[in-house]
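The domain 'NXPE C-terminal' annotation in TrEMBL covers 22-72. Summarising the annotation, TrEMBL assigns domain 'Cas1p 10 TM acyl transferase' to 253-734. Per TrEMBL, transmembrane segment is recorded for 269-291, 325-343, 355-375, 396-417, 452-468, 474-494, 506-526, 561-579, 600-617, 659-679, 685-709, 730-750.
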Amino acid sequence: FKGGDTCEYLLSSGRFLGEKVWQPHSCMMHKYKNSEAKNCLIDKHVVFVGDSRIRQLFYSFIKLINPQVKEEGIKHGNIPFEDKSASIKVDFLWYPEVNGSMRQRIKSWTEGSVAKPHIIVVGAATWSIKIHNGSNEALAQYKINITSIAPLLEKLAISSDVYWVLQDPVYEDMLSESRKMITNEKIDAYNEAAVRILNSSSRNSKAKVKVFSVSKLIAQETIMKSADGLHLPESSRDTNAMILMNVYCNKIMKPIDGSCCQPQPPLTLIQKIAFCFFTLSIIGYLIISLIHRNNYRKNKSCTDLESGEEKKPAISTPNVSTLEMLLHCFCKLGLIMTYFFLCDRANLFMKENKFYTHSSFFIPIVYILVLGVFYTENTKETKVLNREQTDEWKGWMQLVILIYHISGASTFLPVYMHIRVLVAAYLFQTGYGHFSYFWLKGDFGVYRVCQVLFRLNFLVVVLCIVMDRPYQFYYFVPLVTVWFMIIYATLAVWPQIVQKKANGNCLWHFGLLLKLICLLTCIYFLSYSQGAFEKIFSFWPLSKCFELNGNVYEWWFRWKLDRYVVFHGMLFAFIYLALQKHQMISEGKGDPLFSNRVSNVLLFISIVSFLTYSIWASSCKNKTECNELHPSVSVVQILAFILIRNIPGYVRSVYSSFFAWFGKISLELFICQYHIWLAADTKGILVLIPGYPMFNVLVSTFIFVCVAHEISQITNDLAQIVVPKDNSTLLKRLLCIAGFFSGLHFFSAMQDQPRH
């Protein structure tokens, strides 16, 4: 690849995704809002110099600052614009020809006493072709004039951003008689002259005039929609204005989804320490491996010279020590984190914007559905929501969510609402699974809590360090972590009510229901009291975990969106286990869950409920209104799915091993996608192989899935070491972890001081 100068790509190359979405080559373009444009251009002076085409660009540019502006200025005269709230001045200067008048204006800015504009956009040629009837003499004079202007522009380019806009092609069939001499052949000749002359004398890279040639590519695709064959349609000039805004503002505003023209961020202190740690781990593992290999060779079978018989060594190959296993895990993790960093923090690989089409979402869905059905096997047990079935459920949901993210389907509201149900279903399983464990096992020990917290959070903590992202950025992990602690606190607090105790006295069941009612009351209160919620999570050290962009609003929004579904999962688990205990359901192989009549009625109600929810979600018109209803109604489709999946005995007795395999690494898949499958923190798509979109997705997906699987194994191995069963050893490890986070906080405070 040619390197990381994405500004050059943004100004010169790209393609359309669909009809209106422009995709620059190798990088992502941010869509600037009015407030962002104002913040970027505050106290700035921008000047557009040229003809009617530049005037079009001028109007599109100022509409990014103030959309209420109307194109009412003098057609053949200067047009000023000022936004006093942000002290922004944008002027259009009417100079339709590259001549002495234009040179004089540009020269005035190079003189010391005059304030130089911060951005200068220049371009003209079609008037010269029109007035001089496309003569060769006019082209020769154009070359002379641009040669005299070029040094002045290069001088301005030292302290200002100077752009020369090449001439867009015309649609010759639509041109009026007075413009018939403006041909694409003539325009190409004028553009060629401008490109050859500009920057020819400049040796200083800072003094280069940026050639804005991308508008030619845009015009080639859209000039047919022009009203007069000469001027671009509004959507095309808006795209040009947005490109101009990205070129100048991305390095100032640093938007996550605007990778074009953004320099690689410098390494933080914590990232440098992490790099050193992983490097030492790799070196340490290699040294220990070499020592063990040498010891093994020394103890290898040797030949007895007298008898000629082979003797076996007295010492067998030593078992892998805890230290070696630890270093082995960190060695692999270090290599994987290097790949993460190169994909989403270094300007090594290309990134592109997402573009949604119905086919890009639904065709892969059908494909994985066929694969999932193909890999059907019998389950080991036929209980409701058995391990294989929950893994299968997690697996297909995770695959659908991945396709949803890479296809950009969040822009299509019906799909968005159904994906919200899948996220809710994950949380439902959290409530169901943890409640069932505590209720049946009665194990409220520290070991169990630490194991769960470690497995949930290990990868995210490492990514927060390596990728320099806040904990709340990976919102799903904080969500399931907090809900796990809420479930634990609800059941562990006095009196501890478990199934063994409740079997002796039925009143304990009412005691548990009372606990659940208290939990529901607290959830209801916090969901309608944003102030109380924010106060709880604004206390240190919780604020360090749950703040995003300086406040906890994002965390409150995420928590509120699925606030009841974990409670629903706990309640379902309680009712199901009570029915199972009293033998009111049949879970034999091939048997329906209830009597035939009850099963048929429940199955019919479930199917109707499932379809009713889908019809409601598909008819949603407003995301905000539907999100308000979602927490209360999402459980309808979740329960309907569980009943449809479990009431018929033959359906409950089989599962898809394909989906179940992905279900076992679903958490790793969800987190890893942020950086090594998607790009720019999920805003774009990682491009390992440019020019071949399908092949690129296949390759990046294969690596992504392998990495997620490997991280799952690393997490399991480290969990055995970091969280031992022995309480005294576990206490020592917890003190070490507390020291680690204290050190992390200290270094975080150190690196934040220069930023402030």
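Each residue, glycine too, has its Cβ placed from N, Cα and C.
Quick caveat, the model's predicted, so the values are computed rather than measured.
Just going by CB pairs under 8 A, the stretch in 561-579, 600-617, 685-709 that sits most against the transmembrane segment (474-494) is 561-579. Note on the domain 'NXPE C-terminal' (22-72): mean pLDDT across this stretch is 94. Highest Cβ contact count with the transmembrane segment (325-343) among the listed stretches 396-417, 600-617, 685-709 falls to 685-709 (criterion: pairs under 8 Å). Between the transmembrane segment (269-291) and the transmembrane segment (730-750) there are at least 3 Cβ pairs closer than 8 Å, counting only pairs 6 or more residues apart in sequence, which means the two stretches are in contact.
Residues 25-26, 336, 339, 343-344, 349-354, 406, 665, 668-669, 672-673, 676-679 of the same chain, all 6+ positions outside the transmembrane segment (685-709), place their C-beta atoms under 8 angstroms from a C-beta of that stretch. Packing against the transmembrane segment (506-526) from elsewhere in the chain are residues 486, 490-491, 493, 495, 497, 532-533, 536, 563-564, 567, 570-571, 574, 578: each is 6 or more residues past its ends and has a CB under 8 Å from a CB in it. Taking DSSP states H, G and I as helix and E and B as strand, the domain 'NXPE C-terminal' (22-72) has 22 helix, 9 strand, 20 coil.
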